[in-house]
């Protein structure tokens, strides 16, 4: 869609869309913008065209299930919105010093996490023309004030050398403009690799990426839209962006000890990413949190198709009891008890009593206090 010059200028200066209006407010209500108290974190999502960026983003933020991503296209912009998410596609045309017109493509999304924390997600188009412009005419604009760079690699790419070249160009721009940014590399589409080869291929790719990233450090994840690995990676990324996460974890531990729970997890309400957890002993399945995220997210989607909303769930047998319930305005909580003789009502009352305290902790500028109630 063609924009006027004034619209382009505004978009380039603001570098992001307005937030969705509250319920009851008409679309496009004047004055509904990001509040001044919001703590914005700029996140770059980059990678070559076809690497799978749009599919993974649509699953995490737009409530797609994996099989529906095959039909992604023009409908993606119709689906990638909720009470927390607003998205806009910006295509800029610039004229260089010799009169050539260049175009680049960035989709901006504002995703609200935990009260005042807002992720300003820049999904950068991966076509060669766009990539070259990011490193030349728009270098400072794209790579300035970045908190996190997420670079997605297609594990089966036939242009690995070019992929690595673009990644190194990103690192050079980050080092110059945002040297404190955290770097995440997602080796994506691992489901296409033979199962007995996955560990070896990922290890080799991880070693290459760590070597190329020096002097910066990068965290590498193997991912696929078909299993819990996608949630594992994005939970780890979001965890790095939560400003008071240590305070949150300390209070979560106190809460678990007070109610004698084996495990307590906090899920972000819209995405169901794990943002914090406490466990009193090691468990056999290291990926169980992400598996739960995936299962509950799909169950929530099934509920929405029936015009119902997911609020809580209880699973109980002779060995344990597990509760998933709305916790704060931005989170769900999961409590696992190894003593199934404890009445459900007692656990649910404890969850309810802790809500107000954790609501305060979610505020970026909230009080730094500890849970001491009994």
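Using the three backbone atoms N, Cα and C, a Cβ is placed for every residue, glycine included.
Among the features that Swiss-Prot reports, GTP binding site is placed at 49, 50, 52, 53, 54, 55, 69, 75, 126, 188, 225. The GDP binding site annotation in Swiss-Prot covers 50, 51, 52, 53, 54, 55, 69, 75, 188, 191, 209, 225, and the record cites similarity to another entry as its basis. The compositional bias 'Basic and acidic residues' annotation in Swiss-Prot covers 1-15. Marked as ubiquitin cross-link by Swiss-Prot on the basis of similarity to another entry: 203, 281, 291, 305. According to Swiss-Prot, the feature N-acetylmethionine maps to 1, an assignment based on a large-scale study or a structure entry. Swiss-Prot lists 1-29 with the feature region 'Disordered'.
Swiss-Prot feature annotations superimposed on the structure.
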residue	record	CB count, 10 Å
49	GTP binding site	13
50	GDP binding site	12
52	GTP binding site	21
54	GTP binding site	23
203	ubiquitin cross-link	12
209	GDP binding site	19
225	GTP binding site	20
281	ubiquitin cross-link	7
291	ubiquitin cross-link	14
305	ubiquitin cross-link	8
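Considering only the binding-site residues 69, 188, the Cβ with the fewest other Cβ atoms within 10 Å is that of 69. When secondary structure is read from DSSP and collapsed to three states, residue 49 (GTP binding site) falls in the coil class. When the recorded positions 188, 203, 209, 291, 305 are ranked by how far their Cα is from the Cα of residue 52 (GTP binding site), 188 comes first.
The Cα atom of residue 305 (ubiquitin cross-link) lies nearest to that of 69, taking the binding-site residues 50, 54, 69, 209 as the candidates. Comparing Cα positions, residue 188 (GDP binding site) lies closest to 225 out of the recorded positions 69, 225, 281, 291. Taking CA atoms as the reference points, residue 50 (GDP binding site) and residue 281 (ubiquitin cross-link) are 41 Å apart.
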